[in-house]
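Engineer: Following this message is one structure expressed as structure tokens.
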Amino acid sequence: MDKIWRELGLTDEEYEKIISILGREPNITEIGMYSVMWSEHCAYKNSKPLLKYLPTKGERVIQGPGENAGVLDIGDNLAVVMKIESHNHPSAIEPYQGAATGVGGIIRDIFTMGARPIALLDSLRFGIPDDKRTKYLIENVVAGIADYGNCIGIPTVGGDTYFEESYKGNPLVNAMCVGIVEKDKIKKGIAKGIGNPVMIVGATTGRDGIGGASFASQELSEESEEKRPSVQVGDPFMEKLLLEACLELFETDAVVAIQDMGAAGLTSSSCEMASRGGVGMELDLDKVPLREKGMTPYEIMLSESQERMLVVVEKGKEEDVQKVFKKWGLNAATIGKITDDGMIRVIKEGKIVAEVPAKSLAEDAPQYIREEEVPKWQEDVNKLNINEVKPPEDMNKALKDVISSLNIASKEWIYSQYDYMVRTDTAITPGMDAAVVRIKGTKKAIALTTDCNGRYCYLDPYIGSQIAVAEAARNLCMVGAKPIGVTDCLNFGNPEKKEIYWQLKNSIFGIAKACETLQIPVVSGNVSLYNENEEGAIYPTPVIGMAGLIEDVSKICTMDFKKERDVIIILGENKGEIGGSEYLKVCFGMVKGQPPQIDLEEEKRLQELVLKLIDKGLINSSHDISEGGFAAALVESAISGKKGAKISLQTSLREDIELFSESPPRALITVSPEKVEEVLKIAYEYQVPAQKVGVVEGKKIAIEVNGKKIIDLPLEVLEESWRGRIKWEMERN
């Protein structure tokens, strides 16, 4: 056992701490249990001291961070349950199963709370698809998500995808799930009732995924390929049965507490439930249904076999549970009981093979406040002399290049593989500002989005993270939804490196600032660190998943142009910023400058204005202006509405900057001619600049700036560039 704890990811100091907790040397099973529970993946030991700065309270918050998922009150005795999680490391090694089990795990987090899952979203980051390995990762991640979601029958309605060099070999796969539950039927993972039986339900336990949580807490290296057994294998049909069986079980009064077995399997579900309830748990491993012979206590406690749950049952109700699971063709075995001594006691063949305090596993992991410093390259990348960037001679070509860039081009190649209409409640489908899902039996709907521009966060993690929150909220407002809650997935490199810790800290402070100002609480989330390989770290990528409430689904708005002669209006001010922009990268190969500055009070006014205009039925389309600036937003609205636009801009800015600056907060709206004056009047009341810039007409995009015609392109030419790019990249050799 020479220094085995080091191989499992524990430091010598952490090992000494375990000895002092137990008053003795731990055995191999106990070391394994601590190694997964004290891993970054389970314990958040590098991020917990920072996460406390996030605002988590609000009038709608029923359950904030600390449970399997966050819960928000949406009225009518209903609540929305939401959570996002990463499956980055497994997806880098075994992309199909890594992505599929990421989806499976997040779905379980939702129905564990008693909710029926109604929607999935995926936030994906890949390298540039110009080599075989990257294409292999993209194809298989997308297929894994599609197959799992499609088979289980939950629509994948939205998400976001970016391609940047920093994600090469280090893809990010963040899966978000949302469910609906009646408020009085919410379930929690708090074990109680001394003597109550503990049951394992669902699939059998095998050797897949052993040590997966520890694996997810390391940098990727050449050896990572050998860790394929650390990637779990998912079975969506089994999960569908488990989902229905659990929801049926919740209609009985048999369940005291329930938790899914995700990272760290039986170890985490037992110690977290026991710790929350201040009780202990005795587990007899001879009673666990196994799929492989000769499994050791270490393997059984650390297995991450999918589609399993741990349930604390009211004493005497075991048969009720078995009856439900038998009906669905699933296992339900009593493997232990609740005790009063706070210990997790593991028994095999009549002998105690592990005995540790539940609280020490779940709550006593050391927390680290790391040293930080501004990266040495930061000052250099933030310098941008605009005079070095010569305006392009051919603005038509510049526009085509920007809208066909990988980050702006249509993501149809990806989302067309997903079934986004299953359950028939999807009111706004992928490709718009936000997805919208109707809530059966009500007039309400939930709008959903995920957002984060990692390039902005690389240039300034504090500002970039504020923009991520602001853009997510703005996207929801564009469809007529009031933002109500955030679930965040913080993807960063190795926090033991001072410059990465600096990024993490500033990013969290940025999210906190934006959420406080916009009054949107963070109710759940996930942290994924050590996202780096031999090439270096990923861009800091704090993905913001956000939900918004629409009281009346008949009032939703979309970004597509609706009617010829509608007047096109820009809300908000263009401050002429091109640092970190798509234009700068695509047309000049530069990732430099400061990201656009954001005034959150201005953002708040713009969002409230758009919600007001949509509620009063004054606008026909609305689209946020972000990557690619006004020009990209205009083309997107035109393509999706199959109608052109004639634009005339007056500006003191350079032509290219006027078109491609990404200054927030801005929006592009269209208004019937007879309603224009009223819209401008209300915008003035909200102190939001509003400028008439043109009309919807014809089948081309024509733009003049200060009286000079600079863009004149048929819509079909633009559409071909925009729609075909990703498919073309994936199919060329």
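Using the three backbone atoms N, Cα and C, a Cβ is placed for every residue, glycine included.
Pulled the feature table from Swiss-Prot, pasting it below:
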{"type": "ACT_SITE", "residues": "His41", "note": "active site"}
{"type": "ACT_SITE", "residues": "His87", "note": "active site, proton acceptor"}
{"type": "BINDING", "residues": "Tyr44, Lys83, Asp488, Gly525", "note": "ATP binding site"}
{"type": "BINDING", "residues": "Glu85, Asn526", "note": "Mg(2+) 1 binding site"}
{"type": "BINDING", "residues": "Ser86, His87, Asn88, His89, Arg108, Gln232, Glu304, Ser305, Gln306, Ser528", "note": "substrate binding site"}
{"type": "BINDING", "residues": "Asp109, Asp260", "note": "Mg(2+) 2 binding site"}
{"type": "REGION", "residues": "212-232", "note": "region 'Disordered'"}
Engineer: Taking only same-chain residues 6+ apart in sequence, whose CB is under 8 Å from that of Arg108 (substrate binding site), what do you get?
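Structural biologist: Same-chain residues close to Arg108 (substrate binding site) (Cβ under 8 Å, separated by 6 or more) are Glu239, Leu242, Asp260, Gly262, Glu307, Met309.
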Engineer: Which of the recorded positions His41, Tyr44, Asp109, Gly525, Asn526 has its Cα nearest to the Cα of Ser86 (substrate binding site)?
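Structural biologist: Closest recorded candidate to Ser86 (substrate binding site) by Cα: Asn526.
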Engineer: Count the Cβ atoms, other than its own, that fall within 10 Å of the Cβ of Asp260 (Mg(2+) 2 binding site), considering every protein chain shown.
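Structural biologist: Around Asp260 (Mg(2+) 2 binding site), other Cβ atoms within 10 Å: 26.
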Engineer: Among all the protein chains here, how many other CB atoms are within 10 A of the CB of Asp109 (Mg(2+) 2 binding site)?
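Structural biologist: So the Cβ neighbour count for Asp109 (Mg(2+) 2 binding site) comes to 26.
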Engineer: Between Asn526 (Mg(2+) 1 binding site) and Tyr44 (ATP binding site), how many Å separate their Cα atoms?
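Structural biologist: Distance (Cα to Cα, whole Å): 9 Å.
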Engineer: Using a 10 Å cut-off on CB atoms, tell me which of the recorded positions Lys83, His87, Glu304, Asp488, Gly525 is the least crowded.
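Structural biologist: Least crowded of the recorded positions Lys83, His87, Glu304, Asp488, Gly525, by Cβ count within 10 Å, is Gly525.
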Engineer: Let me check the 10 A CB neighbour count of Tyr44 (ATP binding site). How many other CB atoms are there?
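Structural biologist: There are 19 such Cβ atoms around Tyr44 (ATP binding site).
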Engineer: Over all shown protein chains, what is the count of other CB atoms within 10 A of the CB belonging to Gln306 (substrate binding site)?
Structural biologist: 28
Engineer: Taking only the Cα atoms, work out how far Asp109 (Mg(2+) 2 binding site) lies from Lys83 (ATP binding site), in Å, as a whole number.
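Structural biologist: Cα of Asp109 (Mg(2+) 2 binding site) to Cα of Lys83 (ATP binding site) measures 8 Å after rounding.
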Engineer: Return the maximum Cα to Cα distance in Å (whole number) over the record's ATP-binding residues: Tyr44, Lys83, Asp488, Gly525.
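Structural biologist: Largest pairwise Cα separation, rounded: 16 Å.
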Engineer: Are there binding-site residues among Tyr44, Glu304, Gln306, Asp488, Gly525 that sit within 10 Å of Glu85 (Mg(2+) 1 binding site), Cα to Cα? If so, list them; otherwise say none.
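Structural biologist: Near Glu85 (Mg(2+) 1 binding site) by Cα: Asp488, Gly525.
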Engineer: Would you list the other residues of this chain near ATP - those whose C-beta lies within 8 angstroms of the C-beta centroid of Tyr44, Lys83, Asp488, Gly525 - in sequence order?
Structural biologist: Leu51, Pro65, Ile84, Glu85, Thr487, Cys489, Leu490, Val522, Ser524, Asn526, Val527
Engineer: Could you tell me the maximum Cα-Cα distance in Å between the residues recorded as binding substrate, namely Ser86, His87, Asn88, His89, Arg108, Gln232, Glu304, Ser305, Gln306, Ser528, rounded to a whole number?
Structural biologist: 21
Engineer: Name the one residue among His41, Glu304, Gln306, Asp488, Gly525 whose Cα is closest in three-dimensional space to that of His87 (active site, proton acceptor); these are the recorded positions.
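Structural biologist: If we rank His41, Glu304, Gln306, Asp488, Gly525 by Cα distance to His87 (active site, proton acceptor), first place goes to His41.
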Engineer: How big is the Cα-to-Cα gap, in Å, between Tyr44 (ATP binding site) and Asn88 (substrate binding site)?
Structural biologist: 16
Engineer: Cα-Cα separation of the residue listed as 'active site' and Asn88 (substrate binding site), in Å?
Structural biologist: 11
